[in-house]
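K.L.:
Quick one: this structure, given as structure tokens, is what I'll be asking you about.
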Amino acid sequence: MLEACRVNSARHYDAVARAWGYLLGSSLHYGYFESGGESLEHATGSLTARMLERLRGIGPGTRVLDVGCGTGAPAQALARRLGCAVAGISPSTACIDIARATVPGDLAGLLHFELGDAQAMAFADQSFEAAWVMESSHLMLDKRRLFTELRRVLKPGGQVVLCDVVQTRELALAEVIARRDEFLLLARVFGRALMRPPALYASQARSAGFDQVEMLDLTAATAPTFVRWRANAATHRDTVVRLIGEPAWADFVAATHVLESLWSEQVLGYFLLTATSLFARRTPCKSTSR
């Protein structure tokens, strides 16, 4: 179990949201690199496309929940390409403010953003045909609660498409201790997080009432992201330093090297999960007495 904690995620993202637009790009997520030579903008679009192609039957008249919507770029892509309505939630006031302010006029009727906790959502049962969870689940310490809530707000047969950083190798205690400073650095830069193995994601999804659970390993295809983030840090150094300060800028650059190492040593990786909500929740058979 890898837990880089002690930093509240909402407070953290409120502080860094604008700076990360320069560091991570407007989509605020990893890229999918088919050749390794693509620009970050192209690669982040490719990752979004990989998720979009896994959604079935989503179009005009349907609703998609965007969990951890960031500043709204993926939600815009969903609405524009599929014609669906999208409700985005985030615990970060800064992210929600940016998402609302950047809604294109032609999508205004399809996009809605609000503050929300994915582990205790305000939406009614069976409100959505699909849920989109892009690089936000690692910030939620209770994965079981996340999938239980997704199952609740999805209609029967509704889909989950989730991608995120995962733990791909168990660490011995000695290695955890040796890497302590690296994990603390990641906590400072990326906020409180809990990385879990892909198998745990799959088992939690099934226990919450999902089937047709599939996992796709995107670790190698996302690895070039870190070089692009460092290039952005160099290009936009002055602007980022004005927003979050020199120490935070330097920490970000150092953190990209740590992540690159964890990728290459197969400690962390990147997976895409798809699952479908069962039409009826399985319940244990009850014995009856006569």
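Using the three backbone atoms N, Cα and C, a Cβ is placed for every residue, glycine included.
Given the structure is predicted, the values throughout are model-derived calculations rather than measurements.
In case it helps, TrEMBL gives these features for our protein:
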type	residues	note
DOMAIN	65-161	domain 'Methyltransferase type 11'
K.L.:
Give the mean pLDDT for the domain 'Methyltransferase type 11' (65-161) on the 0 to 100 scale.
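P.N.:
Per the prediction, mean pLDDT sits at 95 for the domain 'Methyltransferase type 11' (65-161).
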K.L.:
With DSSP as the yardstick, break the domain 'Methyltransferase type 11' (65-161) down into helix, strand and coil residue counts.
P.N.:
36 helix, 29 strand, 32 coil
